[in-house]
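**Student:** Residues annotated as transmembrane segment in TrEMBL: 21-40, 46-70, 77-96, 102-120.
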Amino acid sequence: MRSSSSAWRVCDWGRCKVKSAPIIQLSFAIVSEVFGTTFMKMSDGFTHPVFGLATAACYVASFVLLTFALKHLSLGMAYGIWGGVGTLLTTLVGIVVWDDPFSIVVGIGMIAVVAGIALLSKGTQEAEEAAAAESSEATA
């Protein structure tokens with residue numbers, strides 16, 4: 001099982017070295033999910049087949065990219081970021097494009113999602129660092 005710290009290892013992709021390939025994959029998975037959800041709304045209950053097909057394509061792309069990202073990221077952190085950031089972006093699209101209602105409670109909820117993602121990431125990082133320290137002590 002790989003930890004999220006392995007996501008930061010240097011991957012040689014031809015001439016350039018990319019440290020954050022899993023983070024890039026996760027980012028594109030999130031963007032694909034947001035587009036898929038947006039197209040779902042535009043499909044109007046799948047009465048517009050083109051948007052229905054776009055929904056399916058975006059969700060397939062999102063899950064494929066998320067699956068690749070999970071090879072190097074912890075499940076809880078990756079899924080938490082994917083779901084949380086996707087929810088935030090989808091909420092913003094709804095507010096901006098479809099005039100979905102916005103209130104102080106919605107704003108606080110969005111802030112809470114951001115705080116939750118930050119805490120989840122920080123907690124995962126601390127747990128992995130502690131496990132690595134224990135592992136190095138055990139082998140020494």
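Cβ coordinates are placed from backbone N, Cα and C, and glycine is handled just like the others.
Could you tell me the structural context for the features on the list?
**Tutor:** Long-range neighbours of the transmembrane segment (21-40) within the same chain, counting only residues 6 or more positions beyond its ends whose Cβ lies under 8 Å from a Cβ of the stretch, are 7, 11, 13, 51-52, 54-59, 61-63, 65-66, 68-69, 71-73, 78, 81-82, 85-86, 89-90, 93, 97.
Counting only same-chain residues 6+ beyond the ends of the transmembrane segment (77-96), those with a CB under 8 A from a CB of the stretch are 4, 22, 26, 29-31, 33-34, 37-38, 41, 66, 69-70, 102, 106, 110, 113-114, 116-117, 120-121, 124.
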